[in-house]
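Worksheet for the structure shown next.
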Amino acid sequence: MNIHEYQAKHILSKFGVNVPKGVVVHSLGEVDGALSQLNSKVVVVKAQIHAGGRGKAGGVVVSRTLDETKTSIKNMLGSTLITHQTSKDGQKVRKVYLEEGCNIKKEYYISAIVNRKQGQVSIIFSTEGGVDIEEVAATSPEKVIVCNINPVFGFQGFHGRNLCFDSNLSLDQTRKISDIAGKIYKAVLSTDANQIEINPLVETSSGEFIALDAKINFDDNALYRHPDIQELRDYDEEIKEEIEASKHGLSYIKMDGNIGCMVNGAGLAMATMDIIKYYGAEPANFLDVGGGASQKTVTEAFKIILADDKVNGILVNIFGGIMRCDIIANGIIAAIQEIGINVPLVVRLSGTNFELGKKLLDDSNLNIITANDLSEAAYNIVNIVRK
């Protein structure tokens with residue numbers, strides 16, 4: 001689960017990380033009251049969406065007068081921001097964050113992530129802040145320092161010193177950055193976050209370190225332990241199909257293509273998307289119905305896929321292990337009879353009782369095209385949609 005910048009900063013402040021003072025605004029009518037709470041002539045107006053790259057898209061504006069601030073807010077509210085992290089349709093701005101400006105001396109990058117490969121939390125630090133850390137890692141990998149924290153001992157002072165050792169930082173700077181690293185490490189563990197990122201972490205002209213931007217992503221599976229964090233969820237920022245899918249235990253991710261996919265198993269789902277791309281088309285979604293799909297689950301999966309207007313065809317790829325293919329076939333037939341499908345449908349079944357499942361589909365007198373293998377199925381749906 002993602003949250004907004006202002007929410008992330010509020011959480012970080014609870015762990016002792018310095019953040020600029022700011023106020024959330026939903027309309028122009030709230031501006032005067034919001035500005036009265038700030039003690040700076042320079043105000044930064046920030047669009048609040050669940051995506052990075054806002055600055056390059058016009059979603060972060062520095063204003064120095066009341067008129068500039070109001071103009072920036074007016075231009076942002078209700079607009080659609082398209083960044084490298086949004087879909088091509090972008091995301092609508094429903095709220096902005098007004099924040100006190102500060103005198104920036106230097107920008108840094110720091111984050112704490114759950115490193116599943118290492119089985120530890122990793123702290124990542126760079127003196128090159130304010131830009132994508134991926135770019136820095138690609139062009140100047142020596143400037144990205146990664147420190148893995150053994151969970152038995154937790155974050156120690158030497159971890160902070162290791163982060164700053166080759167960065168030509170003073171003892172005071174090292175001490176302050178180490179302190180922040182320890183705080184975000186504690187925040188990750190305490191909130192069950194997958195990642196906490198501060199970019200940029202700025203050093204001001206007075207030597208203070210402030211989180212100028214912050215992002216936090218939480219582990220959905222641990223949210224039941226944090227009802228206060230669950231309340232921060234902004235459903236307006238999430239894709240409605242993904243929300244609906246989660247209600248039915250489906251793993252769904254919307255994509256930009258036109259061929260809908262229904263598959264059981266994440267690995268098989270990714271392979272299905274790959275082969276669709278191999279034949280020259282683009283998948284409209286990732287959808288894993290899981291190993292215990294029922295008729296109701298299949299029906300809901302079809303509804304979610306068809307809610308995307310871009311879908312011109314559907315490929316169902318099921319491997320029957322524990323789940324029998326004849327049960328899946330009956331579920332597909334019942335789902336089609338219930339909701340109707342007006343786009344081409346290709347189904348590939350393999351595994352337990354796949355012959356019976358294929359016969360049920362062929363004898364159903366419904367507009368279902370069966371395939372013997374995944375390659376044939378992908379080739380058929382791609383070519384049918386192209387016609």
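Here the Cβ of each residue, glycine as well, is placed from N, Cα and C on the backbone.
With Gly321, Ile322, Met323 listed by Swiss-Prot as binding substrate, the candidate from Asn264, Asn367, Asn372, Asn380 annotated for that site turns out to be Asn264. In the record from Swiss-Prot, residues Gly53, Arg54, Gly55, Glu99, Cys102, Glu107 bind ATP; the candidate from Lys46, Lys92 listed for the same site is Lys46. The C-beta environment of Glu107 (ATP binding site), restricted to residues of the same chain at least 6 apart in sequence and closer than 8 Å, consists of Glu128, Gly129, Gly130, Pro200, Leu201, Val202, Glu203, Leu212. Same-chain residues at least 6 positions away in sequence with a Cβ under 8 Å from that of Lys46 (ATP binding site) are, in sequence order, Glu5, Arg54, Gly59, Val60, Val96, Tyr97, Leu98, Glu99.
Summary of the substrate site environment: with the site residues Asn264, Gly321, Ile322, Met323 set aside, the chain residues having Cβ atoms within 8 Å of the Cβ mean position are Gly265, Gly291, Gly292, Ala293, Ile318, Phe319, Gly320, Arg324, Gly351, Thr352.
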